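Shown next, in structure tokens, is the structure this report addresses.
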Amino acid sequence: MTVVMEKPGKTESARPAAPVKEARRPSRFMMVAGIVVLWLVLFAVLRGKQTLALAAADLTDLHRWFNDVNDSIGANRNSNPLFLYFFNEIRLVIDTLVTFVQELISQPSGDRPLPQIGWLGVVGIAGYVSWAVGNWRVALLAVAGFTFLGLQGLWQESMDTLALTLTAVFVALLFAIPIGVWAGLSDRFNRIVTPFLDFMQTMPTFVYLAPLTLFFLIGGASATIATAIYAAPPTIRITAHAIRNVSRTTVEAADSLGATRRQSLLKVLLPMSKRTVVMGVNQTIMAALAMVTIAALINAPGLGVVVLQALQSLDVGTAFNAGLAIVVMAIVLDRVTTAAAAREENARRSNNRLLKWRRPLLGAGAAVTAVLVYLSHTFLWAADFPGDGTVGSHIASAADSATNWAQDSLSGVTNAIRDVITNGLLNPFQTLVTDSPWWLVGAVLVALSVVLGGWKSGVTTAVCLGLLVGTGLWSDAMTTLASTLVATVLVMALGIVFGVWMGRSMMVDRLIRPTLDAAQVMPPFVYLVPFLALFGPTRFTAIVAAIVYGAPVAMKIIADGIRAVPETTVEAATSAGCNTWQIITKVQLPMSRSALTLATNQGLIYVLSMVVVGGLVGAGALGYDVVAGFSRGELYGKGLAAGLAIVLLGVMFDRITQAAARRATA
Amino acid sequence: MARHWRAGAAGLAVLGLTLTACGGAKVGDSSSAGSESSGKCGTFNLAINPWVGYEADAAVVAYVAQHNLGCTVNKKNLKEEIAWQGFGSGEVDTVLENWGHPDLVKKYIDQQKTAVDAGPTGNEGLIGWYVPPWLAKAHPDILDHKNLNKYASKFKTSESGGKGQLLDGDPSYVTHDEALVKNLKLDFKVVYAGSETALIQAFRTAEKNKQWLIGYFYEPQWFLSEVPLKKVSLPPYKDGCDADAAKVACDYPVYKLNKIVSAKFAKSGSPAYNLVKNFNWTNDDQNEVAKYIAQDKMTDEAAAKKWVEANKDKVDAWLK
């Protein structure tokens, strides 16, 4: 039970001041320890009873009911007016939109064997837009990045991905910004919408891919809608946050000047929160790109298809090449939107001499871009990316030999690590949660969340656990819970080591950060094969994949937290004769406690979002149920229930860690 | 100021126009040749299910449909369940390699009547338990299921809870391995690798590092030409011995793989339907094309071209 104890244990050593709190803190630690001891004792007595286990092929009534609903929708979709006049219309609009963008940049249109705008035009537009909304540095990056995609031999695939991403982001923003504004203005609406956002972000996309094709048929529309559903929440949350953070006095000033609600919204609130909203858009774009490989499962064209097909024949090199293209595109889009968010501020600060030339330069740039677009529309050399993608095949073969080397020379070490962690940590813990009676585990979790997060989070936990029992997948959920917590502990261990290192040295930060970005954007499907070779199809492979995805977030948050510790405090400690180790453990870590809890929260959520990927590499449990539900009709309801169980675990973890974080900072 | 940039823009436009004079080949110059014959066949929506053997079938059928019949082939990458769903909405015309799937047959052929059987592909699907070749060589008696318990402890892994591990793959596979283990009283636990990729990688590693591994696998499969896995014999299949899923204690039947087409497509009179109906080849044929794709890393199109050119007589028979 080291897992749950770890957090309070660490916050324990923190906090040199505040003697009043000090008196209460050990008691909380003692309570946690007491609960755990009691659990172990009861476990020894009651082991194996009332564990609510369900075999792989067995179903509950709930699962069958989901199946029936699914079947009846499929059977009635051509006669039901809801479909004829509602879903089909939506589908038509979105399909038209996707097809329009695709014919513009990626797919042959009409009699043309090539899209309307060829590579030269797209590169030109990318450079010009990046420069116009950002600065010349990101424009250069955009041009270089897009050219690189062509050199990789993946021009058309990249443009398909770009077209789909842009459409999905557009559709998502169309809804997300108004909803976000509303949620920012009304606390009540915000409370209503938050659970839905949680749901949209934690529900594994595998679960709703099949139903989406039922509603919106196979093809661009379904893929766009699936992506938009997953990608919209960040913009909604961040927009609401931005609106709420506009200073009260400014709004009041506008009101006192007689501005109507509409005026104060359009002239005050929106302009003042624009910068933050753009950051939300940035997050939405990143989330949309993360869906590229998954959407390929319902025939979304693009880089995802390359990754998936390469995976079928275990062709790591080709998959890596396509994954790299996704990373490059993500980095370009990320840097451009970040620069766009910062542009106005920078422009205001810089002197006006350049500003005077801005308009003519913009005009000239537009003209050049127009010429490039025209050339790429007309001439073959500017429309079809020249060259045969040799850079891509070099990258692929380099990735192949690196993987082979790693597989040949590391598998002894990796197997040893796997066995130590599986036997020493994962198996005992998993046995404890899956072999205890369900009510005992439930009681322990509720008690822990009351102790760590207060009564409110105790109630949330109880509700979540009750629903979890209702899904009929309690045992699988507990198996997943065990792996998730073990992965989170490892994420936090790495997060603290690297986060502190990065936080203390700007140079280390600059060296490591690009790798972290890449690890977050690289589709997990790409590194599954090497991990399978290193660790075999086991739960541990899934844990490693989750760490690759979850640790970067934790590292970044902790690094920022460490950097936020006031310089003067560190200097004071140094002059008092503390050595580096003491500064880290007695000053920097304790003072960035809120960053640590936030990192734990985010680490957990990210790890949880990899549960389904884990199901593909031998983690079993909920992840496997979800994948199985996607591939087999008779297991559809069970997969849906498993998806719900993942959401419930996510909500539970999130509320406990957030409440604990509030307590820690209070 | 405005005059300034207008002048600049005009200048650039002129520059652009002059550039176009020496531009080279124009888009669409040479595109008239292929479009002529495409009138009769129209579009042909072909589902691509995610395994290489299927990709090989699809590559060859698509190649012939495109080059001999002038069809516009729309390949759609879909899992089986979703592909069958597409029959009703007219978005999928054909699934080329179907492995049983009684649930889908019941739902889409018997109940919704949106799909029909278009006959065998000629491929025979063998499902069973396989071991890496080194193991079959070192312990030949392992190829009989009666001896499996003797070696159970050797197959233990961190996932199998003290028993021997029997590795299963993708959830869409047809399997009764859990029932088999129970009914044959084997000291094994079924562990789900979760994907075909995981399963193949596990066998590849096992052969390379001489590890003990037994798992679900199937033929025809390109991977068998890289590592020729050996099949373990189970009690022979008799008609109806798999009628009750919980009581199965016999080997898997030999699946006659077949083609499924949408009801609409079957009635459309499209030459592509005739091609699909007549399409028939052997496991060796499929393995050859699959090998071109998976191991020689040829594109689908190139692999199909190579095979079609070497097997003119077979292709001609399909086109009758």
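Each residue's number is its place along the chain shown, starting with 1.
Note that Cβ sites are derived from N, Cα and C of the backbone, with glycine treated the same way.
Features as listed in TrEMBL:
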- A:158-337: domain 'ABC transmembrane type-1' (DOMAIN)
- A:477-657: domain 'ABC transmembrane type-1' (DOMAIN)
- A:29-46: transmembrane segment (TRANSMEM)
- A:113-132: transmembrane segment (TRANSMEM)
- A:138-155: transmembrane segment (TRANSMEM)
- A:162-185: transmembrane segment (TRANSMEM)
- A:205-231: transmembrane segment (TRANSMEM)
- A:277-298: transmembrane segment (TRANSMEM)
- A:318-341: transmembrane segment (TRANSMEM)
- A:361-383: transmembrane segment (TRANSMEM)
- A:481-504: transmembrane segment (TRANSMEM)
- A:524-549: transmembrane segment (TRANSMEM)
- A:603-623: transmembrane segment (TRANSMEM)
- A:635-653: transmembrane segment (TRANSMEM)
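Tallying C-beta pairs under 8 angstroms between the transmembrane segment (A:138-155) and each of A:113-132, A:162-185, A:277-298, A:318-341 places A:318-341 first. Panel annotation: around the transmembrane segment (A:318-341), residues 126, 129-130, 133-135, 137-138, 141-142, 145-146, 148-149, 152-154, 157-158, 161-162, 165, 275-276, 278-279, 281-282, 285-286, 289, 292, 303-304, 306-307, 310-311, 392-393, 395-396, 399, 514, 517-518, 521-523, 525-526, 529 of the same chain, lying at least six beyond its termini, place a Cβ under 8 Å from a Cβ of the stretch. When each of A:113-132, A:162-185, A:361-383 is checked for Cβ pairs under 8 Å to the transmembrane segment (A:277-298), A:162-185 comes out on top. Listed as Cβ neighbours of the transmembrane segment (A:113-132) (distance under 8 Å, sequence separation of 6 or more from its ends, same chain) are residues 102-107, 138-143, 145-147, 150, 155, 159, 332, 336, 339, 362, 365-366, 368-369, 372-377, 379, 382-385.
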